[in-house]
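Read the structure below first, then the notes.
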Amino acid sequence: MRPLRCGERTQGIPLGLLAFWVTAARCLQSQGVSLYIPQSAINATVQQDILLSVDYICHGVPTIEWKYTPNWGVQRIVEWKPGTPANVSQSHRDRVCTFDNGSIQLFNVSVKDSGYYIVTVTEHPGSSQSGTILLRVSEIRYEDLHFVAVFFALLAAVAVVLISLMWVCNQCAYKFQRKRRYKLKESTTEEIEMKEVEC
């Protein structure tokens with residue numbers, strides 16, 4: 001076996017250091033929690049069911065907590081560990097469904113559900129990750145159009161009734177004038193006959 005030269009040793013040392021640093025970086029990166037939110041803003045209409053979707057990566061079993069921040073403060077929605085029953089707040093009971101990946105589904109949303117939703121995934125104290133989703137809920141515009149359509153249909157019905165009444169009144173007036181002319185014609189004929197008789 002031939003002896004190692006000095007240059008060959010130094011080439012091996014940087015490769016070893018590089019491998020050490022890559023391994024250390026992966027170990028440090030694998031500790032803790034990673035949180036992914038695919039959609040940070042969601043637009044919805046009243047009475048829809050909305051999925052607030054997230055995904056996390058961690059080595060242990062985390063605790064997942066969702067909070068809601070309306071204009072007046074912070075309100076806890078739900079807290080759970082995957083595989084265990086969720087602790088749902090009274091305000092959202094029967095309106096929320098949890099998933100093991102950390103996502104929640106809100107049923108039958110209303111305008112008052114608009115606001116920021118904060119998810120916190122905690123693996124152990126000191127190792128947590130938070131994210132925010134903005135939910136905007138708006139009224140259904142079709143209700144306004146429905147009201148306008150009903151209003152115009154009602155106006156059209158009233159117009160048809162008024163036109164029908166005007167036609168009936170016109171027919172009555174025409175018949176009345178016809179009778180009057182006939183009577184006037186008869187009376188004129190009688191007067192002429194009487195004048196002829198007197199002469």
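Think of each number as a place in line: the chain as shown, counted from 1.
For all residues, glycine too, the Cβ spot is worked out from N, Cα and C.
Annotated domain 'Ig-like C2-type' per Swiss-Prot: 35-138, in sequence order. According to Swiss-Prot, the N-linked glycosylation site annotation covers Asn43, Asn87, Asn101, on the basis of sequence analysis. The region 'Important for CDC42-dependent filopodia induction' feature in Swiss-Prot is assigned to 169-185. The signal peptide annotation in Swiss-Prot covers 1-27 and rests on sequence analysis. The annotation topological domain 'Extracellular' is assigned in Swiss-Prot to 28-146. Positions annotated as topological domain 'Cytoplasmic' by Swiss-Prot, on the basis of sequence analysis: 168-199. Residues or ranges marked as transmembrane segment by Swiss-Prot on the basis of sequence analysis: 147-167.
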>> Averaged over the region 'Important for CDC42-dependent filopodia induction' (169-185), what pLDDT does the predicted model reach?
In response: 82
> Helix, strand or coil at Asn101 (N-linked glycosylation site), per DSSP?
Replying inline: coil
>> Measuring Cα to Cα, how many Å separate Asn43 (N-linked glycosylation site) from Asn101 (N-linked glycosylation site)?
In response: 22
> List, in sequence order, the same-chain residues at least six positions removed whose CB sits under 8 Å from that of Asn87 (N-linked glycosylation site)?
Replying inline: Val78, Glu79, Trp80
